[in-house]
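One structure coming up, written as structure tokens, with questions to follow.
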């Protein structure tokens, strides 16, 4: 006798062929040379998911204004329930994500993962690496402390050395001639919306190509 859960599953199976999808995911051939270093990309993805979860939790308390940003971070760390833990996990996983990304890039390069037919996989991976670094730069400014302020001032001031377009680029990054509310607003928007969206898009391009082309050979 068929139970209710089985009927529900059968209904979805008939329309979506769930079992075939599951078999395709779980039956992918794994070459014998694969070791723990081939898991670095997956660890980077895991760190990103942790970042999304903890970052989303902090948006309930963080206030992206020059007058309240620092005090809102203090509130998260000292008064919000488990706020100190959530922010600490966010920072630790951010550092871990950057480290795993760097090691992943080195592993792919050393094993020739950028060669034909995986050129596009490499290109999307490099773009993801740039996005990861951008997360660090934009996120560093959000607490609005001395370290974050001067770090952003220096980073956004670098393009000033470029002839002709240097100053317009600086003002584009900062939103004004100096680091202020416009800068914080832009970096907050980039950190919480633009960069996560772009990262998700390029991940959705990156992973299917890996599935299609398989893992690169050994050294």
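Each residue, glycine too, has its Cβ placed from N, Cα and C.
Sharing the feature lines straight out of TrEMBL:
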BINDING   39  heme c binding site
BINDING   90, 191  heme b 2 binding site
BINDING   104, 206  heme b 1 binding site
DOMAIN    8-219  domain 'Cytochrome b/b6 N-terminal region profile'
TRANSMEM  36-62  transmembrane segment
TRANSMEM  92-110  transmembrane segment
TRANSMEM  122-142  transmembrane segment
TRANSMEM  188-207  transmembrane segment
Is residue 191 (heme b 2 binding site) helix, strand or coil when read with DSSP?
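Reduced to three states, the DSSP call for residue 191 (heme b 2 binding site) is helix.
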What is the nearest of the binding-site residues 39, 90, 191 to residue 206 (heme b 1 binding site), using the Cα of each?
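When the Cα distances are compared, 39 comes out closest.
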If we check Cα distances from residue 39 (heme c binding site), which of the binding-site residues 90, 104, 191 wins as closest?
104
Across all the protein chains here, work out how many other Cβ atoms are within 10 Å of the Cβ of residue 104 (heme b 1 binding site).
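Total other Cβ atoms inside 10 Å, all chains included: 23.
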Which residues does residue 191 (heme b 2 binding site) neighbour through Cβ under 8 Å, counting only same-chain ones at least six apart?
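Spatial neighbours, sequence-distant, of residue 191 (heme b 2 binding site): 55, 135, 138, 139, 142.
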Just counting, how many other CB atoms are there within 10 A of the CB of residue 39 (heme c binding site)?
14
If I restrict to non-local contacts, at least six residues apart, and a C-beta distance under 8 angstroms, what lies near residue 90 (heme b 2 binding site) in its own chain?
50, 51, 54, 55, 58
Could you tell me which three-state DSSP class residue 206 (heme b 1 binding site) falls into?
helix
